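Contents: one structure, followed by commentary.
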Amino acid sequence: MSETPFKISIPDAALQRLQTKLELTTLPDELDGAGWDYGAPLADVKRLVSRWTNGYDWRHHEAQLNASLQQFTRPIAVDGHGTLNIHYVHQRSEVTNAIPLLFVHGWPGSFIEARKILPLLTTNSANHPSFHVVTFSLPGYGFSEAASKPGFGIKQYAEVGHKLMLALGYNEYVTQGGDWGHVITRKIAQVYGGKYSKAWHTNMVMGQPPQGDDAQTELSDEDKQLLARREWHRKKGMGYMAEQSTQPQTLGYALTDSPVGLLAWIYEKLVNWTDNYPWEDDEILTWISIYYFSRAGPAASLRIYYEAMGPHKTDAERGFADGAAPEIPLGLSHFPQEIVALPRSWSRNLGNIVFEAEHDGGGHFAAYEKPNELVDDVRKMFGQNGPAFGVVAGKSGYSTEGKSGL
Amino acid sequence: MAETPFKISIPQALLDRLQQKLALTTLPNELEGSGWDYGVPLADVKRLVARWMDGYDWRHHEAQLNQLPQFTRPIPVDGHGTLDIHYIHQKSEVEGAIPLLFVHGWPGIFLEGSRIVPLLTAKSDDHPSFHVVVLSLPGFGFSEGAKKPGFNIAQYAEIGNKLMLALGYDEYITQGGDWGLAVTRKIAQLYGGKHSKAWHTNMVFGDPPADFDPSTLTSEKQAALARTEGLMKKGMGYRHQQSTKPQTLAYAMTDSPVGLLAWIYEKLVAWTDRYNWTDDEVLTWISIFYFSREGPVGSFRIYYEAMGNETVPMQAFREAPAPEIPLGLSHFPGDLVVVPKSWSRMMGNVVFDSEVHEAGGHFPAYEQPEALAGDLRKMFGKGGPAYGVVPKKLGYRN
């Protein structure tokens, strides 16, 4: 049997080493009144390091993750890259004909991003469809093995996701993703769409300004706000991308060796990219710990940027606009604090848009920040009256014993 | 007396802590056959860390550095209080030597200017002599850094000018590359004519003419432009990060010796030209950053202040008006930007162009001190285009 049940179990020695390093943390100073302008504020980082050193209980959170997420590993062969041991969560619904759904995370996300939507998507109800949910740790993230040689790009990540679904017996499935999850599920839709992937949904809506006559349309005030945030991200928030897509190994030494260095690097995004999400310190630390204790180490998680957007790639590839738009049905969920949020009119060329929803709040990590809203959208898209109802033949998402529930 | 002689003396506790941290170094893996494509190779870093832990003797190098005549003195900066500034000051035996301020950049340090000191101060009938001041920019080396936002190029320039005045050099010339170019350019703009009489740089750039046709360049020059383009595509991540989120970067760079090592070493190799770094040389350079008064973060903030809100790229290096005082250019083939000489006229009032040297990159004062010193001697010596710019300081014995 290729599938092996998995429980996270970080060795004591690793916890001890982390503790020793934390106790030796050396912090920089900060300019007076810097706030968030120069990066993650010193007070926040001090507080988090202090908690991490004293009070934060990894074993407790490890146990919670193991209790709430049914995890497995299995070997997946990738053309030209040998076989990688892939870590994933697989939660089946009670509903036999639930729709198989693959959720794909990005950076600095992980499988943990699915923890809130999982129980919602799988739950049985007469009023909405159910899903069998699969989410995997991207190679180089969480507890998946990483690629060992150059050239493991978006196509390869897509191959892993697709092959995992097939291996689980889901010959036809749908996908949901944001961040790299958007890019990877787009590739899945391009390469495996129609035959295997039947529809895709994203919360990171990309796009281009309209050309020609369409460009004359006046922008609404809301649009201007969206563009202002997008511009702020572009001007002030993309240093990480510039480094990770050109010199990931150089940065990798620091993020591997320094717990506080890794903490600050990721924490800055967890705050800047969310919509005032009320992070608790332990929540942050669990998120960071998954990176710190990851099978391949934090440096491996940076390489996707180089492979997908590095100096050797074309502009189209870097803009994730390579190849024709996928033909399978596409659903969009717009969250206003998404960092690449843009006027709706700019996303018409993304694909075959059959579903679209807007929200009042929420940012980049929609599945984590707004699980109810995101799941609601996915249910509407695939539900009985939805535009993508029945895309997976024989998997309507509803119990066949009649729809009246009780 | 405001000036205090200075000797580097890192407390033993810091050396011990560094060793403790090094002993706990956790290294990433590396993709097979990745070479330098993804960043600094693992083999280099492993070797340097091993040496840093066992064999590298900081006290020995500290003692060698202390052979340089170093000082500190408080310099007030409008709106920013008073900063304690670290510098090298070596007078020439020649009384009428030309006062010269050398300004480094990033990841430069005062050490960068140390090799040209004995060359420039040496007396000779055949070339001029200089009194040399090598400034540690605020936030670098053992200079105090800014405490609040807004410490921009004008403030760095104010420090440089005030230092020269405090040393009794009412009129002087400057040499600088990288941020040293931006700072000495600002000095030339703000204090040129009255105090700064001429400026020299090794960081040469320029725009192509409007009717530029690439095919008219020699294949050599085309290759140089292609190389520059490649370096820009590949090597600007550090700049992007430092100019937008220096504090976020600072936590890793302050806490991790190997992290800092890799970050800077990447540039020490990429930006030099056939320079054979020894491991101990690299470690001394990195150690100065590691042990610097403000820590590595002090050196990042100049990017945020001077580049974080640019309206045009490289604004701090080229904003109008170009200074009027005479400008000299030294051309080194391995610098990041190498352009045809004709393009660089826009940098200012160019009175001196060196030959294109055989070798040398972004840190020529360190890599090719003889070549750089030679250029300064030509520019300011008898018969040179800037001879006598500093009245009564012609650079020769009477």
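Using N, Cα and C of the backbone, Cβ positions are placed for all residues, glycine too.
Quick caveat, the model's predicted, so the values are computed rather than measured.
The active site, nucleophile annotation in TrEMBL covers A:ASP179. Here the Cβ of A:ASP179 (active site, nucleophile) has 23 other Cβ atoms within 10 Å, regardless of which shown protein chain they belong to.
Taken residue by residue with DSSP, A:TYR305 (active site, proton donor) is part of a helix. Annotation source TrEMBL lists active site, proton donor at A:TYR305.
Contacts of A:HIS364 (active site, proton acceptor) defined by a Cβ separation under 8 A and a same-chain sequence distance of 6+ are given as A:GLY178, A:ASP179, A:MET204, A:TRP273, A:THR274, A:PHE335, A:GLN337, A:GLU338, A:ILE339, in order along the sequence. TrEMBL lists A:HIS364 with the feature active site, proton acceptor.
Confidence for the domain 'Epoxide hydrolase N-terminal' (A:4-113), expressed as mean pLDDT, is 98. The domain 'Epoxide hydrolase N-terminal' annotation in TrEMBL covers A:4-113.
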